[in-house]
Each structure stands twice: as structure tokens, then as C-alpha cells.
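Listed in TrEMBL for this protein:
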DOMAIN    26-183  domain 'RETREG1-3/ARL6IP-like N-terminal reticulon-homology'
TRANSMEM  42-62  transmembrane segment
TRANSMEM  68-88  transmembrane segment
TRANSMEM  136-153  transmembrane segment
TRANSMEM  159-180  transmembrane segment
């Protein structure tokens, strides 16, 4: 068991080191994005919502086709991938890279690797469910996809995408400041109260 844990830890460390090397040119930008997403300043949440709203308003105004939108998005990613490693050191100053920043960059890369592992794990579980319990798999997939299709039919695509993107960008800050755990705790307490009331009535 200990040998398996050590192997997993070593593999995680190796994957993290590899990702750090790949994203080294993005280090300064990732640290700045991390500060914004974790709401280190009070005005970061409204700034996030403002920027996202502006981008989606531009998309709504231009009303591009799906092919044009995807092409422009990929083109933006290609430009960012080429320009960011060149411009970031000049803007932020690579000579100001401290031990604390390096440690935080390591933590970010480690979290990204863990997130990727979780996603792959869920994907493998899905195929395991398909092999072991095919009926449950197909029922779960059909119900889930039907629910998503119904939501997509009721809500405008752009609005739905806006809500999803905004929620994902606000999620790290909500988690960092304990807002999610606070409301989950409140929900659990209310559920427990309702269950206790129901037990008393049954008695």
C-alpha cells in the first residue's frame, strides 16, 4: 500500500514538474490570474463580471456564426500562446520572481495536474459503469442528456454560456472565501431540521 502511495506521489511530482516546464513562459500571467480568481482584492469579483459581460455583449452584437466564433477563439489562443511568453517577462519583470511566487506557481501546476487526474478518473469510471452495469449507464446518460437538452431549449445559448463561464470564473473565489462551504453548511442544517421534524411527526 505504501509502495503504491509513493509511486503515485512520485508520478504526481513528475507530471507537475513537466507541466511547470511547459507553462514556464506563462508563469507571471498565471500568478496574476490566480490572484484575480481568488479575489485578493475587493474589486476583483465585479471586475471579472464586468470583463465577461463586455466580451459576451460584443459577441451578442457581432452575432458571429459558429464557425467564425470557433475560428476567432482558436486564433486568439494561438496569438496568446505566441505572444505571452515574449511579452510577459517585459511587462511583469522576470527578475522579480521570488521563492514565494515559485512556490505558488508550483501549487497551481500541482492543482491543474490533480484536476486533470480527476477528470480522467471520472471518464474511466463512466466506461467502467458501461461495462459492469450497461442498463444503468444508458439510463443515466439518456436522462442526463435529455435534461441538458431541455435546459438548452429553454435558455438562450449565449445566455447559458455566459452563466456557465461567469460561474466557473467566480468559483475559485467563492471557494477561497468559504462562501460555498457556508451555504452548503446552511443547507445541511436545514435538511437535518426537516428530517428531525419528520421523525417527530412519525413518532
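Including glycine, each Cβ sits where the backbone N, Cα and C put it.
Note: TrEMBL annotation is automatic and uncurated.
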Using Cβ atoms and a strict cutoff of less than 8 Å, what residues sit near the transmembrane segment (42-62) while being 6 or more residues removed from its termini?
35-36, 69, 158, 161-162, 165-166, 169-170, 173
Counting only residues at least 6 beyond its ends, the same-chain positions whose CB falls under 8 A of a CB in the transmembrane segment (68-88) are 25-29, 59, 94
